[in-house]
Amino acid sequence: MKIGVLALQGAVREHIRHIELSGHEGIAVKKVEQLEEIEGLILPGGESTTLRRLMNLYGFKEALQNSTLPMFGTCAGLIVLAQDIVGEEGYLNKLNITVQRNSFGRQVDSFETELDIKGIATDIEGVFIRAPHIEKVGQGVDILCKVNEKIVAVQQGKYLGVSFHPELTDDYRVTDYFINHIVKKA
């Protein structure tokens, strides 16, 4: 399968490496037209305000709002998928969640921890960098993981969102789950 990574900012190469380790083809998506070539899309981390500005500039907002592609958002990608963002309007409105930006603190408060992610594994390494958390989930959203009582991973149908950066580790099981359990079944 061909899985795209929105290549406007963030750890694009690292996500593509995880896609390839999962046995699939990774494509850096830089143009809206490329969405026709893929079966699923990863929205990488970075700075969420910048990501939204770039998505507006290159026409991705409307295209992705209207898209039926399965999507996986990490960190800022999670924020972009959310229906609501504390103090702001949602953006793509794909996940029925409310997200709090930077809720784990500033850059100096970044941390790594082992995660037990329902349906994936009990020993996933999570890298949290200025990470958001999911403050509230709506109907149809499955909570997959919490850290210190804060929700950090959810799934709603063909949409997966995590607060952390799985692509910054050698463990590709979260990406593999997205492709082989979400994209394949969509």
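In case you wondered, yes, glycine gets a Cβ from its N, Cα and C as well.
According to Swiss-Prot, the L-glutamine binding site annotation covers Gly46, Glu47, Ser48, Arg101, Ile129, Arg130, on the basis of sequence analysis. For Cys75, the entry in Swiss-Prot reads active site, nucleophile, with the evidence type sequence analysis. The active site, charge relay system annotation in Swiss-Prot covers His165, Glu167.
The highest number of surrounding Cβ atoms within 10 Å, among the recorded positions Arg101, His165, is found at His165. Taken over all pairs of the listed L-glutamine-binding residues (Gly46, Glu47, Ser48, Arg101, Ile129, Arg130), the Cα spread reaches a maximum of 13 Å, rounded to the nearest whole number. If you count neighbouring Cβ atoms within 10 Å for each of the recorded positions Cys75, Ile129, the highest count belongs to Cys75.
The recorded positions examined here are Glu47, Glu167; by Cβ neighbour count within 10 Å, the least packed of them is Glu47. Looking at His165 (active site, charge relay system) and Ile129 (L-glutamine binding site), their Cα atoms lie 8 Å from each other.
Working note on the binding-site residues Gly46, Ser48, Arg130: by count of other C-beta atoms within 10 Å of each C-beta, Ser48 ranks first.
Annotated L-glutamine site Gly46, Glu47, Ser48, Arg101, Ile129, Arg130; additional same-chain residues within 8 Å of its Cβ mean position, judged by their own Cβ, are Gly45, Cys75, Ala76, Ile79, Asn102, Ala131, Pro132. Here Arg101 (L-glutamine binding site) is positioned 9 angstrom away from Cys75 (active site, nucleophile), judged by their C-alpha atoms. The DSSP secondary structure for Ser48 (L-glutamine binding site) is helix. If you measure from the Cα atom of Glu47 (L-glutamine binding site) to that of Glu167 (active site, charge relay system), you get 16 Å.
For the pair Arg130 (L-glutamine binding site) and Glu167 (active site, charge relay system), the C-alpha distance works out to 15 angstrom.
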